[in-house]
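A short worksheet on the structure shown next.
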Amino acid sequence: MTNVTVLGAGAWGTAFGQVLADAGNNVTMWAIEPEIVEGIRDHHHNGVRLPSVKVLPSNMTATGDRAEAVANADIVIVAIAAQFARVALVEFKDLIPETALVASLMKGIERTTGKRMDEVVMETLDLPADRFAAISGPNLSKQIADREPAATVVACENLDNARKIAAACTTDYFRAFVTRDVIGLEMCGSLKNVVALAVGMARGAGYGENTAAMIETRGLAELTALGEAAGADPKTFAGLAGVGDLIATCGSPLSRNYTFGSNLGKGLSVEEATKVSNGVAEGVPTTDAVVALGKQYGVPTPLATAMSHVLSDGISCAQMLSELFGEGISEE
Ligand SMILES: NC(=O)C1=CN([C@@H]2O[C@H](COP(=O)(O)OP(=O)(O)OC[C@H]3O[C@@H](n4cnc5c(N)ncnc54)[C@H](OP(=O)(O)O)[C@@H]3O)[C@@H](O)[C@H]2O)C=CC1
Ligand SMILES: O=C(CO)COP(=O)(O)O
């Protein structure tokens, strides 16, 4: 029996915990908030972050004690809001067993450093690359919590370790593919959130499918160019973690990023949209990090730059789209 610990009992952390439990693992959730720990441990329910699941599996428990959470872990899953990953993980540095694999579900880039989550996790935990995996795909948490069929991708430099993690999260409704392209997965997951903000904004402002398709396609070109410059395999962008996640996230009000953008398009300010957001919208802090990465790699990022002007200067949807069009005629 494999022991899996999930750090962070948010919506996706909890839904993924259920997948792991359904796959037959012993699952321990770690959370800071006592209310969430007690809910999962004593009532098999996370009423704060995943209320739609009435009863979580019996082989899933929770603790607020860091050492107890990871002491016997074979696999540790990190599902903390990206901007807080470093501060949360540093407390686990000397607690995680040296044999454990560590996988990240997070989709964001650290704003203060421009680092991807693979970099943040390995640096903070002093972890060798062959023990780190990224997990990313079209994985809207509520639908997976409802056990609707879905798939994801597990990326690890060591393909055998990717396979171990994929096996640990395989159920009759959830399937994981494997790859070595960690950078590609990280870039896909983080950048599609910026695209989802823009698509949501256009939809909220009342525009239809043509506008959405234009933003998604130009966004895909932008994230592919930036990803390749960062060292990703271009094939990854055409897969589940790339186009797949773009389709799911940019087409669903279940996405916090899409909904955040939609609220901006309806006229809410960034502060107002933040207040009504049901969970973390990673694209918001990640947008400026993408613009900075574009400058670092010499890759134009018109979409992220336009979204950055929305978030920092409050420009309208029409202005954002006109920035995206740019000036003059260019090749696609
Ligand atoms: N929801 C989804 O459909 C999907 C989400 N993801 C990604 O997974 C990651 C987690 O998402 P999700 O679970 O949905 O997000 P939520 O907003 O539901 O939860 C965020 C989690 O981060 C924790 N957290 C925030 N700050 C800290 C801190 N300082 N120390 C410790 N923990 C902290 C929260 O703890 P607390 O509850 O105590 O505030 C909570 O467990 C994100 O990067 C997201 O992009 C990926 C695929 C799908
Ligand atoms: O990443 C997701 C789906 O794959 C979830 O998107 P949000 O973080 O926007 O809710």
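All residue numbers here begin at 1 and follow the chain in the order shown.
Placed from the backbone N, Cα and C atoms, the Cβ positions cover glycine too.
Summary of the site annotation: TrEMBL records NADPH binding at W12, K107, S141, V280, E282. Screening the candidates R41, R163, R256 against this entry identifies R256 as the one listed for that site.
Here TrEMBL has G8, A9, G10, A11, W12, G13, R256 binding NAD(+), and the candidate from F84, F237, F325 in that same listed site is F84. According to TrEMBL, K107, K192, D245, S255, R256, N257 bind sn-glycerol 3-phosphate; the candidate from G64, G137, G294, G298 that the record adds to this site is G137. Ranked by Cα separation from W12 (NAD(+) binding site), the binding-site residues K107, S141, S255, E282 are led by S141. When every Cα pair among K107, G137, K192, D245, S255, R256, N257 is compared, the largest distance found for this sn-glycerol 3-phosphate site is 15 Å.
Under DSSP, residues within the domain 'Glycerol-3-phosphate dehydrogenase NAD-dependent C-terminal' (181-321) fall into helix, strand and coil as 110 helix, 0 strand, 31 coil.
In sequence order, N193, A196, T249, S255, Y258, F260, V280, A281, E282, G283 are the same-chain residues whose CB sits within 8 A of the CB centroid of K107, R256, N257, the residues recorded for substrate being left out. Across the structure, R256 (NAD(+) binding site) and K107 (NADPH binding site) place their CA atoms 12 angstrom apart.
Look at G137 (sn-glycerol 3-phosphate binding site): DSSP puts it in coil. Ranked by CA distance from G10 (NAD(+) binding site), the binding-site residues G137, D245, S255, V280 have V280 at the top as the closest.
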